[in-house]
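TrEMBL annotations:
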type     : residues                                                       : note
DOMAIN   : 1-771                                                          : domain 'Myosin motor'
BINDING  : GLY107, GLU108, SER109, GLY110, ALA111, GLY112, LYS113, THR114 : ATP binding site
REGION   : 131-153                                                        : region 'Disordered'
REGION   : 641-663                                                        : region 'Actin-binding'
REGION   : 916-946                                                        : region 'Disordered'
COMPBIAS : 936-946                                                        : compositional bias 'Basic and acidic residues'
Amino acid sequence: MEYINEASMLYNLRQLYKRGCTYSRVGEIILSMNPFEWFTNLYSNEVQISYANQLIWREEQGHRRLSARQLDDSNRLLYEPHLYETASHAYSALALGQKDQSILITGESGAGKTEAVKIIANYLTAVQTTHPSFSSSGGSGRAAGDDDEQPSAENNKVNVQMAVVSKLSQSDIIFEAFGNAKTERNENSSRFGRLTKLFFAKGKEDNTAAEMGNEELLDDDDATPICSVLGSSFETILIEKSRIVAHKINERTFHIFYQLLAAPYEFKESILQGFGSATRDSFRYIGDVDVDTIGGRTDAENFEQTKSALATFGIEGEELNALMEALCISLHLGNLTFAPSRRSPRAARVASEDEIKKLSSLTGLSRDEIESAVTTKLAKNKNGNVIVKLTQAQSRERCDGLAREIYHQIVVFLIDKMNKATSPAHFRGNADQVGQNKTDQEKVGCISLLDLFGFESFEKNGFDQFCINYSNEHLHNKYVRDKFISVKAEYEFEGIDIDFDYSAINNSGILNVMDGRMGLVPIMNEESVRPKGNSSAFVYKAKLLHKNSDHVVSEKQHNQYEFGVNHYAGLVTYDAADFIERNADPLPIELLAFITKSTNSIINAQFDALFVNKRKLLTKLAGKKHGAASTTIVSNFRKQLAGLLKHVGETKTWYIRCIQPNVEKKPAVTDHEVTLRQLRFAGILNAMTISKKIFPNQLSNDIVWDRFKCLSRKYIDKQLESKECICNLLSDLFKDSERYVKGEYTAPYVCGKTKIFFWSGALEKLESDRKDMLSLKAAKLRGYIETAIQRRRFLTIKRGMTLLQAVYRGLEARLERRDRIRAALLITCWTKLALVRLRRRKRRENEACTKIQNAWRGFGPREELRHKKKAANMVQRVFRKRQDRERFNSAFAECVDAARKQKQMKALLVLLSSDHSSKDNGGGQKKKKSLTSRLPNERFKKSSEWSNEELLKECQL
């Protein structure tokens, strides 16, 4: 970029982000803009191998191997900015025998710091498998001629690498559950800083390439030895314990509490009877938040995932139950309610009997012990220790402090378990000896990944923001010393004068205001241990003691708790209403002694160690004037930060700045205000401005001569000194490219003692000219080669054509002969076919004639037979009709006769009936005789002799 300003910076970042380029580079600093989506092509195995080959193994397939010095100094444009770039540089520097490495990843919540750490860690643990010797041996680590012991040793290294990768991924799940929470900006925000150390084996005895029979790779001075991964360790920094007891309305506390409440009913009941039906509304610390899905998974699904990850590190069974019971203790401490004591209205007593009984069941302590621990404290007077009753507010703060510390000790316990499972000692099997002597330290190298909060400035900034910005001031100071103060010292060594005010980026002044003898932190500690210390007194003293400082701001609009601090990133106004309460030691020695009696194995072990350490510390600090100030939260954080800075200071540090392009989490959308604020906080604009004002590029004399002597258009006497030769070379190359600075023309470069320093664009011009020259020569060489290739191809084609013609002519003759034979055979076949068809047609005609004759000859007799059959049928019908008519007439006559006789019978019956009732008369007898004579039955032939009764009886029968 020729013009450095906020507009050009934002424009370039927006254009890159819109094209899907989430990474950019400012010198050695990588800018990572959260894409809010996963690009598989950016993190594929092919991309990993490409970066490893270029930046670690110093070779590309089919290309000349490049030295590390060449890649680091002048070929950065050969590869795109990427997280793998920084990881590769760190791995290469460690492998080449340099000191341990650190990668510092900062940014605000939602910027993608945690994902960046995962990507880098996965790459570093798998990078040894990208070595060409690994792939050439089929990934098994065995080369030709290896003995039987070598494959087993290599397989062991691969197994270690796989175990480290597996445990790293499982540890991420645990850290997300116990250290992440939903905030207004990010649903899965890390509420702690994390230092991840990856350990690698250094030295040729641990070099995989040598074990695999590829010693030729080690003979090259530029070859990078393979460092096998051995293990890892973790450390948390400034976990946000205040979120355990309070959070904003639209936010959540740590994920693990919601996962526990979403666990199966039977599992919750096994922890505490009645806990199975508990919901979010059951606990004051949790509250009702209408969110039960994080990362596309429900809390119940995340609980099963967390449970599986804990089992990976051996936390299962009784130990898992103890862990969940400890979480329940923290939750139920928040449900304790207090009321005025019956004896003293100002003193507090526990009013929630159900909750204290549940706590008693979980901790194994009696109800009275718990109530006494949270409602009283020990105070010293001239007569010794006395028991003082606490108010309701003090008792509430005591419970909250105990809940915060219990959760903190749970996290410490988990980290200790994970470190024991992933440390190099665990994988090597000699936990007591590894790292204890100088030889082991020389064999084991470390790459540290530091994931830390970026600079924060909100509408209301409290104690957490103060601590975060305090740590960022120290990290920025190290960044300035690494990148600019060291540059200034280098210029002085090279004898180069540079006109730039380094005070614009040096934050030593603000560090002195915060850390000095009368700085903000010592004042806060003093007020925290003072008997009647309070936050308003702290703010008053801070403004009074620093009223002449530009770094502490006092405005008329501020209330008694507000004060402003001019940090390197800008002005931040803090609300110190709870600074002293938050900074004071929440757990006095008597409360620690109480909680160590718990039957919960995790709480007992963790607080017992904490109690012993605190008692030793109090004994050591007894009688000292400011001894109590050493036990405050800020003091402990200062010690932890000092240890971290000491560790990082002993390493080569690489920087990655993560940027959240918009708060809506939309891909390819850049919010200028949000992005610009983060660029200011990260110091990127200052870095680019300084890089433009100083020499942005530098190369050693040897590299300049080796790389650009081919561009010289005049003879240079090589007998001259190296520096004089280079000066003559550059004066010839830049004779038409002088810069107009302060009224005079100067060359765009400066020759130092051992290096050449180039102004912006000068090295790019040389590289462009060299590229054009090489392209021109390559074109000529390509022409010669193409001519030779084409001539050889022509002769080959000519010989081939002659042979082809001979073969073709022979083939054509054979084809012609074959066609003739086929034609003759075809004619013969067709002739025979015609004859066969003719004979077949004649045979069919004869058969047809025969059939016609047969049909015609049989037609006459058949017709005659048909007529005869028809006549016979007619005769038969007539004869049968006549017979049927005769039978019918006979039957009809019989029927008529029978009907007549029946009628006569009925008349006789009537007559007989009438005669039976009356006397016989002559006419009746005649008529009866006439009727009986007509009856055909033989029985009635003598009916004249019967009486009327007998005749009537027979007729009825």
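Positions of Cβ are set from backbone N, Cα and C atoms, glycine also.
Features recorded in TrEMBL, as mapped to the structure shown.
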| residue | record | Cβ within 10 Å |
| --- | --- | --- |
| GLY107 | ATP binding site | 27 |
| GLU108 | ATP binding site | 23 |
| SER109 | ATP binding site | 19 |
| GLY110 | ATP binding site | 23 |
| ALA111 | ATP binding site | 24 |
| GLY112 | ATP binding site | 22 |
| LYS113 | ATP binding site | 28 |
| THR114 | ATP binding site | 23 |
Would you list the other residues of this chain near ATP - those whose C-beta lies within 8 angstroms of the C-beta centroid of GLY107, GLU108, SER109, GLY110, ALA111, GLY112, LYS113, THR114 - in sequence order?
ASN34, ASN186, SER189, SER190, GLY454, CYS658, GLN660
Please work out the mean pLDDT for the residues of the domain 'Myosin motor' (1-771).
82
Please work out the helix, strand and coil residue numbers for the region 'Actin-binding' (641-663) from the DSSP assignment.
9 helix, 8 strand, 6 coil
